[in-house]
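Over in TrEMBL, the protein carries these features:
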SIGNAL    1-19  signal peptide
DOMAIN    29-104  domain 'Inhibitor I9'
ACT_SITE  ASP136  active site, charge relay system
REGION    193-217  region 'Disordered'
COMPBIAS  196-210  compositional bias 'Basic and acidic residues'
ACT_SITE  HIS209  active site, charge relay system
DOMAIN    367-454  domain 'PA'
ACT_SITE  SER539  active site, charge relay system
DOMAIN    654-753  domain 'Subtilisin-like protease fibronectin type-III'
Amino acid sequence: MFNFLVILFVLLGWSLVSMAVVEENQKTTYIIRMAKYQMPAAFEHHSHWYDSSLKSVSDSAEMLYTYNNVVHGFSTKLTPQEADSLKTRPGVLSVWPELRYELHTTRTPEFLGLGKTESVYPESDSVSDVVIGVLDTGVWPESKSFDDTGLGPVPGSWKGSCEAGTNFTASNCNRKLIGARFFSKGYEATLGPIDTSRESKSPRDDDGHGTHTASTAAGSEVEGASLFGYAPGTARGMATRARVAVYKVCWVGGCFSSDILKAIDQAVEDNVNVLSMSLGGGMSDYYRDSVAVGAFGAMEKGVFVSCSAGNAGPSSFSLSNLAPWITTVGAGTLDRDFPAYVSLGNGMNYSGVSLYRGNSLPGTLSPLVYAANASNATNGNLCMMGTLIPEKVAGKIVLCDRGVNARVQKGAVVKAAGGLGMILANTAANGEELVADAHLLPGTSVGQKSGDEIKKYLASDPKPTVTILFEGTKVGIQPSPVVAAFSSRGPNTITPEILKPDIIAPGVNIIAGWSGALGPTGLPIDSRRVAFNIISGTSMSCPHVSGLAALLKGAHPEWSPAAIRSALMTTAYTVYKNGQRILDIATGKPSTPFDHGAGHVDPVVALDPGLVYDLTVDDYVGFLCALHYTDEQISGLTRNKSRCDTKQKYSVTDLNYPSFAVNFLSTGGSTVAKYSRTLTNVGPPGTYKVSLKSETQLVKISVAPETLTFGQLSEKKSYTVTFNAVGSMPPNSNSFGRIEWSDGKHVVGSPIAFSWS
């Protein structure tokens, strides 16, 4: 999610934390997973059994939700003692405390090759049968992005509904927005009743984030869209004819696991085909992570699940949503920018970006002041509320450093102190990454290098002056895409053998529909209202992939979620047209598979991938067995009496994933790793030959066999890759390679990430 909400979460302590409290008699929310297959015959319905189990430890506790599809069990409020007692009851698999998750926050179709290729990627009737479920902050149904003109009747398979609530009625849904629900019991059990004067207790989106993600995935075409004239053109989602169902699970106080789990459970029952979740939290084991648990059940029902990778980059090991049955999406840039130049009194100019549209600066140069020199606070350089001295700011343009509080809030602080404008300078934490904002006063953002040069000028000139030149919208920016600095990075902290993120998609300065309840900055003092907003985050890249998955599902209804992900991954690109590798803006160097996964999504090529790496539920169960999960932990995911075969040898490296992550020990240990894979033919008959690329001579790679011949559709062929380390690297070193299978027309590519620990 864009910066101001992220900062707000930090200031109010909204991080992924256990809601369990120390006080012995204090009740908190727990999610209880039950072994439904163990239900005694005396009970007519599982809900009766759940209720009996609950009443055995508490006379007063009531169930918040029961879960019937992706999880079997219920949620309730208990004391720690009651929770411990419930753990001992027959049929109880686990008792986990509530967790809090955070949101991760239109030229895109043309950039992805969809703008003029309708004949290549037809929006057929089958696409209009695909339903994308979006778990987020709700929806602004009046947005033109949800216009249902030209759409046929709601698909007969749809079982969902449109729930009424505050400022929302069933009539707000139509043939585009076919479902809308809200889930707040978990939130209210922890934080108390929703304040309907601040947000709607209904599917209505008072935040904007949910409307933005839903319209990015499947928004209808809207001509003449822009934000204050920036990014003008026709706005559209990835799958313009797919249907949308929204599930509001995120509120002012965050997104709670019991609500998220119930929404996933309901979405599967409603018959969605794709689930899009631009939210995430910590890095718990898969059986303890509500998003991963719910996503497993959805996958089992044939639902494709995409989630955002998180906005904690460029740090390593910063990813969320690591489960291999989730498609984890990082963020890249578009070839579009919004330049706003800083012109100094010494004649030097520095490039920045801005979405400001309002009263212009004076035609002449204005006085410039560094915020640190206009404040008595130790952190005065950050332009935080109440830190600027009006007498030193009035009538001047203020240079503020990025960090801690929201970027747009800094501008509001400068404006309140009487400043004319603002230059927002990155520090080392953000480097050269520039994210455009719809500032409340003339303002622009510049990279760290430019910021340092401007500070040198301030220190050397007794009367520094400046102006800001706003240049509107520019397209054709190169190189593009580049990996966004904020996009979370691997390696995978839970299963290093599974490479994450899976893929990157556009996530910087994305225009899409917006809520009519607040302005583009989200600040209370922002009285402006817009139909479209431009924001950045992996929250924006996730729904791109959700919409593209819907297109693939429409074109290939028989494909499994794993097959769809494989098609997107093996056809992704990692180099520009000039042959140079995709850059990482955080370093200015070529990005790696730990940054971009399989590469940047290429939906036109994904339509015809040739071969796919498919996966079944049994394959994932074997993966869980390889992780040495207990029978109870696995049953909590599979909802049946799953057991690992003690006679079978399970290996994480045998999971049929479209990428490879290989870890060696720097201090010795095994120097050989074998990975088994199976390819399924989804194209014409053909013979595929393997080719290998590697950056290191310290690992020898061999593939057997080196040729695979497919004679018919759906035929499967297996191969083994052997990685033999013939040398060692220092701890925390990385290197990379690639495996490609080609029949002369199709190229089925898989990244390899080597690491030494």
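Every residue, even glycine, has its Cβ placed from backbone N, Cα and C.
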Counts by DSSP class (helix H/G/I, strand E/B, coil) across the domain 'PA' (367-454): 28 helix, 22 strand, 38 coil
Cα-to-Cα gap, HIS209 (active site, charge relay system) vs ASP136 (active site, charge relay system), nearest whole Å: 7
Spatial separation of SER539 (active site, charge relay system) from ASP136 (active site, charge relay system) - C-alpha basis, Å: 10
Mean of the pLDDT scores, which run from 0 to 100, over the domain 'PA' (367-454): 94
